[in-house]
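See below for the structure under consideration.
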Amino acid sequence: MPRVFSGIQPTGDVHLGNWIGAISRWAADQEDGHVFCIVDLHAITIPKDPEHLRTKTRDLAAWILAAGLDPEVATLFVQSHVREHSELAWVLSCSTQMGELNRMVQFKEKSAGKESVSAGLFTYPVLQAADILLYQADEVPVGEDQRQHIELTRDVAQRFNGRFGDTFTLPKATMPRAGARVMDLQQPANKMSKSAESDAGTIMLDETEKKTAKKVMRAVTDSGSEVRAGEDKPGVTNLLDLLSAVTGREIPDLEADFEGKMYGDFKKAVAEGVNEFLRPARERHAELSKDPAELDRLLAIGADRARNIAETTMDTVRDRVGFLPPA
């Protein structure tokens, strides 16, 4: 069974795009040995309020567990709780070239127009490589914007292996399943995002069902009244994709259901479908959030499991590079 590693930043409120594209898939695809990490070290490459970061880290853990991830099956933990991440990142940074990091598209995008950026933002891909290689991951589910980072991870691992002997598994990037991208309800050409100019197009998991329904009913549609998918109908196609994602039904079947019906009826069905899809998780999240001590306990169990793997890798790394064993 291939080992999967996946990480997500606790940078804000969870929206439906996060849920369908990542969190719910973690739960659906979980297997013994899979490693899921809340990457709080990555989050501070951009300044964060400390209390806000703590709150959002627990909140994200609650959503992941509410999705159905079983901490007795898969490993769920917080990145900063396993110090080997930082140690391996330093070792790998000594096998990474400045030019490689300069070529990272994501760094160029995030630093564009800024007078100064942190060294942490520049070396972000090295820490990401450490996250992956520490657990000898075989597969890393990523979006297209992260594929370049996985290629760098492989390059750094191969360079280390070539110099010090086989140490790291070379990971493979796996792309999300088709339909995993959830688009903005107001701007269907853009991915749903918490950083959008307006929250009218983003369904947040912690909002009320009434607010979710209101956003769907105000979603952008297209000229005409036919409910069908097509390049000439991006708004309706977006809503059909969304309804398909939350119901598991194929788009042609949904098109048949709404043949001859108006957009209002269609939007009402989408709103009901989304709320029905999210209702169990919203209720479970509310329960989990009432007991932060239990969340911390579950995260500590995950950190212990992750640390057992990480320590084995780091023992080998320390020996290979020539560090003296600790007293």
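For all residues, glycine too, the Cβ spot is worked out from N, Cα and C.
As given in TrEMBL:
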- GLN9, PRO10, THR11, GLY17, ASN18, GLY143, GLU144, ASP145, VAL182, LYS191, MET192, SER193, LYS194, SER195: ATP binding site (BINDING)
- ASP131: L-tryptophan binding site (BINDING)
- 10-18: motif ''HIGH' region' (MOTIF)
- 191-195: motif ''KMSKS' region' (MOTIF)
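Positions of TrEMBL features highlighted on the structure.
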residue: GLN9; record: ATP binding site; contacts (Cβ under 8 Å, 6+ apart): ILE38, VAL39, ASP40, HIS42, ALA43
residue: THR11; record: ATP binding site; contacts (Cβ under 8 Å, 6+ apart): ALA43, LYS48, LYS56
residue: ASN18; record: ATP binding site; contacts (Cβ under 8 Å, 6+ apart): ILE8, LEU205
residue: ASP131; record: L-tryptophan binding site; contacts (Cβ under 8 Å, 6+ apart): PHE5, GLY7, CYS37, VAL39, GLN79, HIS85
residue: GLU144; record: ATP binding site; contacts (Cβ under 8 Å, 6+ apart): MET175
residue: VAL182; record: ATP binding site; contacts (Cβ under 8 Å, 6+ apart): LEU16, GLY17, ILE20, GLY21, LYS191, MET192, ASP241, LEU242, ALA245
residue: LYS194; record: ATP binding site; contacts (Cβ under 8 Å, 6+ apart): GLY12, ASP13, HIS15, THR202, MET204
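Largest CA to CA distance in the ATP binding set (GLN9, PRO10, THR11, GLY17, ASN18, GLY143, GLU144, ASP145, VAL182, LYS191, MET192, SER193, LYS194, SER195): 20 Å, whole number. A mean pLDDT of 84 is what the model gives for the motif ''KMSKS' region' (191-195). Classification of ASN18 (ATP binding site) by DSSP places it within a helix.
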